[in-house]
Each structure stands twice: as structure tokens, then as C-alpha cells.
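Reviewing the structure listed below.
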Protein chains: 2
Amino acid sequence: MTTDTPGATPRTLCSALPAAEPGSTVRLQGWVHRRRELSAVTFLVLRDRSGLAQVVLPAGSEVPPEETTVEVVGTATANAQAPGGVEVTGPTITLLTEPAATPPVELWRPALTASLPTLLDHAPVTWRHPAQKARWQLAAASLQGFRSTLDGLDFTEIQTPKFVASATESGANVFEVDYFGRPAYLAQSPQFYKQQMVGVFERVYEVGPVFRAEPHDTVRHLAEYVSLDAELGFVRDHRDVLTVLREVLAGMVAAVHERAGEAVALTGADVPVVPEEIPVIHFRDALALVGAPDDEPDLAPEHERALGAWAREEHDSDFVAVEGYPMAKRPFYTHPWSGPADDPARWSNSFDLLFRGLELVTGGQRLHQPSEYDAAIRARGEDPASYASYLQAFEHGMPPHGGFAIGLERWTGRLTGAQNVREVTLFPRDLNRLTP
Amino acid sequence: MTTDTPGATPRTLCSALPAAEPGSTVRLQGWVHRRRELSAVTFLVLRDRSGLAQVVLPAGSEVPPEETTVEVVGTATANAQAPGGVEVTGPTITLLTEPAATPPVELWRPALTASLPTLLDHAPVTWRHPAQKARWQLAAASLQGFRSTLDGLDFTEIQTPKFVASATESGANVFEVDYFGRPAYLAQSPQFYKQQMVGVFERVYEVGPVFRAEPHDTVRHLAEYVSLDAELGFVRDHRDVLTVLREVLAGMVAAVHERAGEAVALTGADVPVVPEEIPVIHFRDALALVGAPDDEPDLAPEHERALGAWAREEHDSDFVAVEGYPMAKRPFYTHPWSGPADDPARWSNSFDLLFRGLELVTGGQRLHQPSEYDAAIRARGEDPASYASYLQAFEHGMPPHGGFAIGLERWTGRLTGAQNVREVTLFPRDLNRLTP
């Protein structure tokens with residue numbers, strides 16, 4: 001498959017220029033990344049999807065402005081000083097567009113030092129910076145690793161609706177849509193649907209957008225983010241879910257190394273080693289460890305950080321799972337604690353996975369008996385009838401099951417040491433931002 | 001990685017039972033697919049994600065109702081009469097849930113004959129039918145083939161926002177959302193974003209939901225569907241886009257055969273052969289061929305069917321691309337016809353791909369010069385300023401580019417001969433349907 005004109009010199013990618021035969025004619029296409037006019041010579045640095053290449057012109061040559069797209073036909077010439085040891089000499093440069101306007105930031109500088117609002121306002125252009133682009137390449141590789149690992153474990157990909165009839169899972173933070181004149185809502189997660197599909201395929205995953213009308217402007221929340229969801233049947237408890245999660249994280253890390261090695265180098269990403277067994281601590285013990293009162297229902301950010309430091313110190317691990325989260329803080333479909341405990345009704349078969357002291361994944365075992373759902377929904381003061389379509393799956397036989405959800409932006413944010421998830425989101429959406 | 005209790009007999013999938021050593025103890029988990037009480041013996045047919053297995057009990061044994069989830073521990077016993085030649089005898093059956101309620105349709109019957117509304121109303125259960133489930137397996141395999149083909153062609157996966165600030169691409173059929181007290185809209189396609197990302201990665205793809213407030217209740221339209229989008233830079237014209245599309249379709253077909261061979265057999269899917277070169281006909285010639293007036297601006301369904309029959313007859317092809325669609329019927333970013341023509345302003349560098357006489361894909365070359373966008377937007381009577389964030393990409397240098405979008409449900413619908421796209425959608429959404 002080629003997209004070259006028949007008979008014309010095939011296109012050479014910048015990354016393939018070092019392998020071109022010296023003296024041969026090459027044809028490159030890309031963006032003018034940088035112009036450098038020296039007294040004796042003019043350089044044009046060309047950028048394409050694969051990297052950069054140096055093109056040499058006589059001093060005083062007119063070179064199109066940065067970001068203009070061009071075709072360069074010239075001679076591949078060895079030059080030990082050129083990046084990769086080969087440059088293009090004697091070029092003919094053809095503009096593929098009108099000359100580009102001056103970019104809002106200098107994309108040819110090694111580091112992108114613009115402020116976050118500038119980066120975000122000009123996202124269509126600022127993502128072109130090689131170091132910025134590399135951040136997304138880590139995300140793309142991670143998505144591939146997530147899917148291929150689960151494919152290998154016999155999971156089936158699903159695509160479930162984003163329009164839902166009621167804001168059932170959690171009444172708060174839901175977006176309302178005008179759906180042909182009546183209200184509908186945007187799914188806050190594929191939770192209900194992935195559970196129902198466990199009844200069909202046993203093991204399912206979905207990668208897609210989820211919507212949260214998050215009224216706070218924080219560095220870790222977005223109104224729309226990419227959720228990597230998995231759910232599986234015939235588990236004993238949440239520990240089986242955690243075992244699959246470990247495999248998935250290891251697969252994502254492997255994909256990042258295999259498919260985005262250069263992006264790791266460019267971003268300086270600190271890619272973790274996923275331990276053979278992720279350390280697990282019970283919520284109650286976690287509270288004691290960080291010195292929090294034993295009736296705290298949740299972990300504060302500083303508690304998460306302390307647990308992250310503890311996992312690093314004690315287990316040489318970037319990851320730690322906190323299991324047994326209080327039922328009071330978990331959604332109604334959460335399975336109660338099934339291990340030994342002095343207060344079994346208080347704890348749950350669910351966990352948060354912290355990655356370097358930040359919550360990255362929430363997961364656990366779900367209820368699977370219809371009578372349990374009936375009781376759990378009534379306990380919230382709600383009518384099971386309003387959950388009728390979801391409850392069908394349970395009335396007609398569901399296995400013990402559980403699953404987890406990974407937030408893509410939190411993952412890549414943590415990999416790259418980003419201060420704000422917006423830095424690793426192509427076009428973030430929040431309380432204040434709806435463009436570009 | 002195992003999800004088995006340490007020390008317990010590992011789980012055997014139904015599909016692996018024929019390979020179990022006769023006389024060995026096996027442990028299976030799944031759903032009671034069917035009970036058959038004969039005078040001399042009782043059969044329990046167990047279903048799991050991999051298939052079915054026969055379990056033999058003494059006559060008169062009590063067997064849990066269909067769809068109850070159970071664990072079966074027994075002896076693998078050769079029996080030439082059993083499916084796969086091995087059955088489970090002397091079983092101990094443990095219920096994993098309360099006994100299941102009677103399903104709304106008999107899932108154990110070879111064919112699912114319920115009406116479409118019944119199928120859809122009880123989707124969490126009706127998808128469990130092996131033939132129904134197989135339909136989605138074709139979809140899942142197709143998604144994998146789409147992505148892996150494009151990965152192999154150096155495309156980068158992107159995830160773009162579904163919340164957009166204005167209903168710019170096409171004012172009609174857009175859903176409005178209450179976005180923190182102000183209006184926002186749901187993206188009808190990732191078109192603008194995938195183009196902007198060509199400026200970054202050259203070649204991008206996205207699989208995700210798109211939203212159309214389609215006011216008509218037809219067999220081929222949904223309010224939400226899964227769009228398989230690709231876009232690539234440095235093309236000569238739409239023919240380069242078509243070349244990539246051909247590779248993608250061939251990759252999807254290959255993935256269906258490799259990953260869902262059994263599903264093909266179960267659904268009786270008629271999987272096409274993708275020809276080395278997809279026949280192409282100009283819109284004007286297509287009108288003449290089907291006997292339509294030469295000033296028709298679009299193809300009616302009967303014209304598409306006639307073209308499908310022609311492609312089959314003349315080119316032995318299930319696919320035909322109609323290129324040169326009238327500019328009047330294409331969106332403003334469409335590139336005009338660049339080939340020889342007597343009336344070049346009338347035609348476009350865009351195409352529809354028909355699969356067995358039904359539009360499956362729309363694609364083509366886009367404008368890439370800022371001055372062209374300015375003129376095209378003004379020609380619609382609109383102000384380019386309202387497209388400011390989109391137009392940034394073009395002002396700062398874009399290559400000639402184009403792309404396409406495949407509707408997942410139309411693809412699998414056509415593969416399986418479904419009369420209605422709702423038959424191949426997990427949880428369809430339309431004018432009337434918002435549940436389950």
C-alpha cells in the first residue's frame with residue numbers, strides 16, 4: 001500500500017534518512033520545524049511523524065516560515081555533524097500550503113515553557129511539540145497494552161451507551177441532556193453495562209469517555225475523561241480482580257516500553273516496575289499506619305501520599321492496594337467484606353490502587369444475588385423498580401464478579417510527573433473550559 | 001495468573017473438556033443452559049464463555065433452573081454421543097446464586113425467534129443466546145482488526161472530547177447538554193479533532209461514540225453509534241484515503257476470520273472478500289448507470305442497491321466507491337474535485353463506500369489551506385471567528401489530508417444480514433428507546 005505518485009521517488013520518513021544511500025535522491029514531507037540562517041549556510045529542520053531531518057541550503061536562501069508544510073526533494077549526503085549522520089543537500093522545496101502564521105509558542109525549542117493556559121488554548125498547535133506529542137504517545141501505547149493484555153486473558157471488548165435514562169449510580173455530578181424533548185443523562189461510568197455483559201461474555205472491557213459534572217476546579221478532575229474499564233465473572237473475591245489488574249498494569253508498562261520507548265526518553269517518564277505481587281493493606285491498618293483516627297471513612301490525599309511512601313520503603317513498590325474500604329463510602333452494588341473481621345458489615349470487598357501515592361484505580365467485588373440488590377437499593381431509600389432494566393441481569397443468574405476502572409489521564413499524568421491531568425489530555429473539558 | 005483457589009482443582013472451560021483426561025476430576029463454572037429430564041437420565045447442559053458442556057445426573061435429580069450460575073465438580077468421561085466426545089459424570093453441583101427466574105425467552109433453543117422489541121427490552125438476558133452473542137463477537141473482532149491494521153500503518157490512536165462548544169459541523173440533529181449552567185453540545189463526529197491531530201501525528205484514528213439527534217425512526221439510524229474514524233496527512237487526493245480504507249477493511253475481515261471464526265459459523269455471517277482494488281465510479285457516471293436524472297444531488301437507497309448489484313455483476317465485488325459527490329451535499333471542509341471534469345466546482349474529492357448496496361463509509365479529502373476555510377465558511381454565511389479554535393490548525397500549517405468514518409453497527413449489520421442495526425447494537429438508543 002503506497003500513497004506515492006506512480007513513478008515518483010517514494011517518500012522517505014525523517015527517521016529513515018540515515019539509512020538512505022548517500023548520493024541518492026530522496027523525497028521528504030513534513031513541517032518546517034526550524035530555520036537557522038548562518039553566515040555560510042542556511043539550515044531547514046524538517047519534522048514529520050517519525051522525527052526530524054536536516055536540510056542544507058545556500059546562505060541567504062529563502063525558507064518558508066516555521067510550521068509551513070513542505071515537500072523536500074534533494075540528495076542524501078553523509079555528514080557526521082548532521083543528526084543521524086545524513087542530511088539532505090541541494091534541495092528543491094515545494095510548499096504544500098500557504099506559508100504558516102507564526103506559532104503561539106516556539107515549537108523548535110527543546111522545552112515547551114509556556115504556561116498551562118497558553119498550552120491549552122492553543123492545543124491544536126502546542127501538541128506538535130515533540131516532547132508534548134510524546135506524552136500522548138505514552139497514553140496511546142498504554143491503551144494498546146490495556147486491550148492486548150485483556151484480549152490475551154479472553155476478555156471481550158464492549159461498547160455501551162453513554163445516554164442513560166436516570167442518574168442512578170450516583171445522583172450527584174451528572175450531566176443532563178435534552179433527549180428528544182425529555183431529560184436523559186450522560187453515563188458517569190459503564191458500570192451497570194459492564195456488569196450486565198459479564199452475564200454474556202464473563203469477561204469484558206471497555207475504553208471510552210465518561211462524564212462527571214465535577215463542580216470543583218482541581219488538578220486531578222475533568223468533566224470528561226477516558227476510563228479503562230474491565231469486569232470479570234467467577235471470582236472468589238476482590239483479590240482475583242486485583243490479580244487481573246496487576247496483569248493489566250504490567251501489560252500497559254510493557255507496551256509503553258515496546259511501542260513508545262522514544263517517548264519515554266523525550267518526556268523523561270518514570271515508568272514503574274509492576275511487582276509480581278502488589279502489596280495489599282487493609283483500610284483499617286492503613287488508617288493506623290498513617291496515624292489517622294480509626295473512624296475515618298476515607299483516605300485524605302496526605303494519607304494516600306504517606307501510604308505511597310510506605311509501599312516504596314517497605315515493599316519497593318510504586319503501587320499499593322488498600323482493601324476493605326468502608327461500605328459507607330462505596331456504591332450500593334459493592335460486595336461486603338467476606339474475610340475475617342471484627343466488624344464485617346463495616347468493610348467491603350473493594351480496593352483503591354494507589355500509584356505513587358495517588359488513587360489511580362478503584363475496583364472490587366460486586367453483589368451478584370438479586371435479593372442483595374433489592375436490600376441494598378431499599379437501604380438507600382429507593383425503589384428497586386427504578387433499577388428494573390439493570391436488575392434483569394441478576395434475576396436471571398449472574399456469577400460472583402468484580403472489576404475495576406483506570407483513569408487514563410491520571411495514569412499518564414503520574415508517568416510523566418505532570419502537575420495537572422490537563423497536561424496529558426488532548427482537549428481537556430472542565431468547569432471553565434469547553435474549547436478548543 | 002489464576003483465579004483459582006490455591007490447592008483446588010483448576011477450572012476447566014467447557015471448550016477444554018474434550019481435552020480432559022478421561023477419569024480425571026474436573027471443575028466447571030457457568031450457567032445452566034438447559035435441563036433435559038429423560039426417563040433414564042437427566043442432562044444439564046452448562047454454558048460458559050467458551051461454549052457448552054454436557055453434565056450427566058441420575059434420572060429424577062433436581063437441577064437448578066436455566067440461567068442459574070453453578071459450579072460443577074465431576075469426572076470427565078468419554079462418551080461418543082456427548083458434544084466433543086466427553087461429558088461430566090457423577091457431578092456435585094453447587095449454586096453460585098439464588099435460583100434464576102425464568103428467562104423472558106428460551107435461550108437454549110437453537111434460534112432466537114423473539115420479536116425485536118422483546119430482544120431489545122430484555123437485552124441483558126437475550127444477548128446471552130449463543131447466536132446473538134456471536135453477533136457482537138463479530139463486532140469485537142472487527143474493532144480489533146480496525147485498530148491493528150492502522151497501528152501497522154503507523155497511525156496513532158487518539159481520544160477526543162465529546163463535549164463541544166458549538167453545533168458547528170452541522171447545526172441539525174445535535175444534542176444539547178446543560179454544561180454547568182450553559183449550553184454545550186455532543187460531538188456528532190470527531191471530525192474537527194481528528195483533522196487537528198493530523199497536524200500533530202500525521203495519521204490518527206479514534207473508535208468511540210458519536211451522537212446524532214436523528215428525528216426519524218429508521219432501521220439504519222441510531223441516536224448514538226460507534227464510529228471508526230481515521231484521518232491521514234500528505235495525501236495526493238481522496239484516492240490515497242481509499243487505499244488506506246481498503247487495507248482497513250481487509251484487516252477487519254481477516255480479524256473476523258481469525259478471532260471470531262466460530263461466531264461466523266453461528267451467525268451464518270457472509271464475510272466479504274475485499275478486492276485488491278475496490279471499484280470506483282464517478283457520481284455522474286453512477287447517476288447515468290442507475291438511470292437517475294443527471295442533476296440529482298444524492299443517491300437514493302434504490303440507486304445504492306442498483307450500484308451494489310452492478311459492482312457484484314461487473315467487478316465481482318461487494319464494495320464500490322462512488323467518488324466526486326456533489327459539493328452541494330458535502331460538508332464545508334470538503335476538498336473540491338481536482339481531477340479533470342467539465343464542471344469542476346460541482347464535484348468533490350470525496351466518496352461514499354457502498355457495501356452490498358448500502359452506504360457504509362463516507363470519506364474524502366479535506367481542505368487544508370486557511371484561505372480555503374475562510375472562503376468556505378463565509379460562503380455558508382457564517383463568521384470564521386466562530387471556528388477560531390479549529391482554524392488554528394490550518395493557520396499554522398496543515399498538509400493535504402483526508403480520512404473516513406465507518407459505522408460499526410452498519411458493518412456488522414451488513415455482515416450478518418440484519419434487517420435493523422438495532423439487532424447488532426448492545427443497547428440501542430433512538431427516538432423512542434433510552435433503556436435498558
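Placed from the backbone N, Cα and C atoms, the Cβ positions cover glycine too.
Not measured: the values here are computed from a predicted model.
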Write down the one residue from B:E258, B:E262, B:E359 that TrEMBL lists together with B:R212, B:A213, B:E214, B:R220, B:H221, B:L222, B:G407, B:L408, B:E409, B:R410 as binding ATP. B:E359
From B:15-18, B:75-78, B:155-158, B:191-194, the residue range that TrEMBL assigns the feature region 'Aspartate': B:191-194
Least surrounded among the binding-site residues, given as B:E214, B:E359, when other CB atoms within 10 Å are counted: B:E359
For chain A, which of the binding-site residues B:R212, B:L408, B:R410 fall under 8 Å by Cβ? B:L408
Which whole-number value in Å describes the distance between the Cα atoms of B:E214 (ATP binding site) and B:T362 (L-aspartate binding site)? 18
Contacting positions for the region 'Aspartate' (B:191-194) when only residues 6+ beyond its ends and CB under 8 Å are counted: 158, 160-161, 164, 168-169, 204-206, 229-231, 331, 333, 390, 403, 405
Of all the recorded positions given, namely B:P83, B:R212, B:R366, which is spatially nearest to B:E359 (ATP binding site) at the Cα level? B:R212
B:P83, B:R212, B:T362, B:R366 filtered to the recorded positions whose C-alpha is within 10 Å of B:H221 (ATP binding site): B:R212
Measure from the CA atom of B:L408 (ATP binding site) to the CA atom of B:R212 (L-aspartate binding site) and give the result in Å, rounded to a whole number. 15
Among the ATP-binding set B:R212, B:A213, B:E214, B:R220, B:H221, B:L222, B:E359, B:G407, B:L408, B:E409, B:R410, as the record gives it, the longest Cα-Cα distance in Å: 19
Which one of these binding-site residues has the most other Cβ atoms within 10 Å of its own Cβ: B:H221, B:R366? B:R366
